[in-house]
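Enquirer: Take a look at the following structure, please.
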Amino acid sequence: MAGILAWFWNERFWLPHNVTWADLKNTDEATFPQAEDLYLACPLAFCIFMIRLVFERFIARPCAMGLKIQANGPQKAQPNAILEKVFTAITKHPDEKRLEGLSKQLDWDVRTIQRWFRQRRNQEKPSTLARFCESMWRFTFYLYIFTYGVRFLKKTAWLWNTKECWYNYPYQPLTVDIHYYYILELSFYLSLLFSQFTDIRRKDFLIMFLHHVATISLITFSYVNNMARVGTLVMCLHDAADVLIEAAKMANYAKCQILCNLLFAMFAILFISSRLGVYPVWILNTTLFESWEIVGPYPSWWVFNLLLILLQLLHSFWSYLIVKTACQTISKGKVGKWNPLHVSKDDRSDIESSSDEDDSPPPNHKLHSSSTTNGTNKNHGTNGYLTGPPYADEH
């Protein structure tokens with residue numbers, strides 16, 4: 001184990017040439033980042049998760065109730081042992097052949113079975129109230145941490161001149177403000193990483209998981225090798241847009257459509273300008289070029305910049321989704337009443353739509369074959385609902 005630790009903490013990987021870990025030990029005159037400082041983030045992440053539960057229960061939930069947001073979830077599917085077994089043990093999205101087999105076995109028409117599976121899938125998804133509480137928690141944290149970051153950074157020299165991030169590197173003392181900022185951000189993203197498996201399941205689950213891993217890795221890397229100055233710039237820049245998107249989602253859940261549209265437009269402008277403009281021009285420029293000129297490259301420098309570039313690729317992907325959403329909405333001529341958070345397979349949507357069908361209980365007998373086959377196909381394709389609009393079933 002000692003050999004593995006010695007290999008992992010190899011000075012020639014983590015630190016610039018001619019710098020050792022001994023040079024960065026804390027003294028009476030200066031305090032430097034220590035890897036063991038990050039151990040505090042694990043129990044703190046659990047504390048943040050517990051605070052979140054209390055916040056959602058005693059603050060967010062009453063606010064939601066005050067906004068008339070109902071706790072009722074989607075309509076539950078009628079109990080059926082055969083369909084339940086297929087749903088839990090085989091597939092939640094039966095294909096055409098399986099639907100026809102179930103139709104004969106139960107003496108139900110295909111369309112009713114499709115509706116049952118849709119309702120059963122919806123049944124596992126949280127209510128609008130739960131989604132509002134989650135967004136309000138994230139909005140509150142992002143607003144607090146962004147405000148803290150701005151108040152702290154406006155007093156620093158490296159906010160106004162990014163070359164200050166590299167002068168006298170790595171012998172830059174760790175201040176209490178930087179330590180607090182880092183540990184809190186790392187703890188929050190650790191809590192998000194693990195709670196992602198219990199939170200509302202998003203369609204971009206893997207992308208968000210990759211984002212959280214990259215963020216945690218960047219925070220850890222930049223702290224351990226004392227790139228904390230540029231790290232604070234990266235964190236503050238990213239928190240700005242997150243405040244607006246959570247606010248827009250809250251407005252959407254509260255059915256304040258005009259406010260939702262306004263907040264989403266502000267979010268889109270800020271996100272694209274900051275992630276595709278400010279981030280590469282301001283952040284990547286200093287980490288790739290100014291640091292090369294002042295400090296020079298070394299192994300962990302390459303890893304750090306590779307993670308920053310990975311983050312830029314994620315920014316580009318999300319910017320594409322935002323622009324695509326806006327363009328598709330405008331092209332449909334619904335600018336005045338569009339819902340930017342739920343259009344065109346919205347990658348952040350939370351619940352399937354069933355507005356195109358009634359929710360009547362399954363009939364006791366099978367419809368006439370010509371009615372099922374011809375009538376349904378005329379309006380919906382081979383299997384009715386399955387071949388409807390791309391965002392009708394999995395909205």
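For all residues, glycine too, the Cβ spot is worked out from N, Cα and C.
Because the structure is a prediction, the values reported are computed rather than measured.
Reproduced below are the annotations present in TrEMBL:
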type	residues	note
TRANSMEM	38-55	transmembrane segment
DOMAIN	83-127	domain 'Homeobox'
DNA_BIND	85-128	DNA-binding region
DOMAIN	130-331	domain 'TLC'
TRANSMEM	180-198	transmembrane segment
TRANSMEM	205-224	transmembrane segment
TRANSMEM	260-282	transmembrane segment
TRANSMEM	302-323	transmembrane segment
REGION	346-395	region 'Disordered'
COMPBIAS	369-384	compositional bias 'Low complexity'
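If you look at the structure here, what lies around each of the features I listed?
Expert: Sequence-remote contacts of a segment are chain residues at least 6 beyond its ends whose Cβ falls under 8 Å from one of its Cβ atoms, and for the transmembrane segment (38-55) they are 136-137, 140, 183-184, 186-188, 190-191, 194-195, 220, 223-224.
Within the domain 'Homeobox' (83-127), the DSSP-based counts of helix, strand and coil residues read 32 helix, 0 strand, 13 coil.
Tertiary neighbourhood of the transmembrane segment (180-198): same-chain residues 37-38, 40-42, 44-49, 52, 141, 145, 148-149, 152, 205, 208-209, 212-213, 215-216, 219-220, 223, 228, 231-232, 235, selected by CB-CB distance under 8 Å and a gap of 6+ residues from either end.
When Cβ-Cβ distances below 8 Å are used as the criterion, the transmembrane segment (205-224) is approached by residues 14, 33, 35, 37-38, 182, 185-186, 189-190, 192-193, 196, 230-231, 234-235, 238, 300, 303-304, 307-308, 310-311, 314, 317 of the same chain, each at least six residues removed from its ends.
Sequence-distant neighbours of the transmembrane segment (260-282) (same chain, 6+ residues past either end, Cβ-Cβ under 8 Å): 162, 233, 237, 240-241, 244-245, 247-248, 251-252, 312, 315-316, 318-319, 322-323, 326, 338-341.
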Enquirer: Are there residues at least 6 beyond the ends of the transmembrane segment (302-323) whose Cβ is under 8 Å from a Cβ of it, and what are they?
Expert: 207, 210-211, 214-215, 217-218, 221-222, 225, 227, 234, 268, 271-272, 275-276, 279-280, 283-284, 287-288, 347
Enquirer: Determine the mean pLDDT over the domain 'Homeobox' (83-127), rounding to the nearest whole number.
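Expert: Within the domain 'Homeobox' (83-127), the model's average pLDDT equals 87.
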